[in-house]
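Participant: Structure incoming, see below.
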């Protein structure tokens, strides 16, 4: 989960990272009140999860609360690279003497963390990495140890900070490492990390991405989710512990196991080429459990997508036998009742496949069509979706 800047700032403050005052506002009136509370020069910053805010006019320096009101009025509702601005952060102005860059992220290839640091901050890090790779220090960090004081010292030495500044930056990097480790983040980035005219080190603009797989350790992270941009179907699936990703097609997909579901997406896309170019509408993995409740929750999510014209249930029975899956499908349709209106193609194979197919035949539900193979099921689902377009 990617956080907004104001949320990252709050996490930094929670862990002792030095930050400036910042208050989020959703109206010009709130922005003015925030500027009055902070006092002095403030910065009105669009809160969107995308870069390039400044160039798009989403960051303005306000000398008075009245200016903060005017700028908030301009920025709220603005479209920045496809993201609508619903809130701004009113941040205390800073006397910036120097700008630096720091980030720590997950390095999957090396099974470690990677810290990156530069004395040249404020610009796009991708641009710096290409144009002047020598200006960007890269230091491996052990997940077992994290960013210790010794590791932070190694980072600042490789980044070529002067001795005086290095001593001030080191404790800040340790605290940022603490944010990364204790919040189960996959990215913590500060650009810029600044030195003020008084020599103080501040995290001025932060980005944080949290690992959703660690959400069970952080129930408080649920409050950070952005309900204004979340897909309602994905939210419903998450509430039911379903692995669901919405796509842009017309054939709803339900399968057990990520590998099988991915293969099903490919087969449906291939079949759709000869049926009006229909495509998969989603990824939905029900995992090892195919109870009536789980199947009903999955079908409820998929059938709630108006783009879906047909559904393909592709299950290979293993620990969960095919007869249990078939019973789940039949009971799920009973639970959904009149809300289930779209044709469902079911392909079962594996443990107790004959019993499962028999259950579906005996149910004789008007929405259910069975298929013996994945290819045949995908072809039928694509055909039905095309006919309903």
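Counting begins at 1 with the first residue displayed.
Note: Cβ is positioned from N, Cα and C throughout, glycine not excepted.
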Participant: With 52, 53, 54, 94, 99 listed by Swiss-Prot as binding ATP, identify the candidate in 45, 63 belonging to that site.
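Facilitator: It is 45, as the record lists it for that site.
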Participant: What does Swiss-Prot list, out of 243, 256, 282, 364, as binding the same substrate as 318, 319, 320?
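Facilitator: For the substrate site that includes 318, 319, 320, Swiss-Prot also lists 256.
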Participant: Of the residues named as ATP binders, 45, 52, 53, 54, 94, 99, how far apart in Å are the Cα atoms of the most distant pair?
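Facilitator: Taking every pair among 45, 52, 53, 54, 94, 99, the longest Cα gap is 20 Å.
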Participant: Including all protein chains displayed, how many Cβ atoms other than that of residue 319 (substrate binding site) lie within 10 Å of its Cβ?
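Facilitator: Cβ-Cβ neighbours of residue 319 (substrate binding site) within 10 Å number 9.
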Participant: By a simple count, how many Cβ atoms lie within 10 Å of the Cβ of residue 318 (substrate binding site), its own Cβ left out?
Facilitator: 12
Participant: Taking 10 A as the limit, how many CB atoms besides its own sit near the CB of residue 94 (ATP binding site)?
Facilitator: 16
